[in-house]
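According to TrEMBL, the domain 'Major facilitator superfamily (MFS) profile' annotation covers 1-131. TrEMBL lists 20-40, 46-66, 78-97, 103-123 with the feature transmembrane segment.
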Amino acid sequence: MVQYFSRSIPARKCLNYGLYTLLFSLLILGLCIYLHWSFLFFISDVLVGVGHGLALIGAFGLIHAMTNLHNRAAVMSTYLFVAYLGTILPILAVGYLADHFGLTASVLSFCAAFCLLCLYLLIWHKKINDK
């Protein structure tokens, strides 16, 4: 649904909104684990879905703008491969950390790492836009 309603938003703004929403959802997930408040999990879950939808439609828009008809399929498939790999590896890492350090430590580590990644990407995207 998010992608349908965000079609009119420019790709760069959509990507930024998605990153901010993902960052906020990770902070809420961290609070959920730390405070043991289950209703925060549902809020975080909805927000991560919204953030993912916004970031995905923004990334697809940027790929469309950067490519031409001849190389778009190759770039899109490479993007999706890297995205799926980037989803699977953190899941495996959280599982490994949960086995050795506990669920709370692993989820908080995941939230901290990906909050830093979102912040880095937002700063990097702002630098690119300012040039």
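The backbone N, Cα and C atoms fix where each Cβ goes, glycine too.
Same-chain neighbours of the transmembrane segment (103-123): 16, 19-20, 22-23, 26-27, 29-30, 33-34, 90, 93-97, counting only residues six or more beyond its ends whose CB sits under 8 Å from a CB of the stretch. Residue counts for the domain 'Major facilitator superfamily (MFS) profile' (1-131) under DSSP, split into helix (H, G, I), strand (E, B) and coil, are 116 helix, 0 strand, 15 coil.
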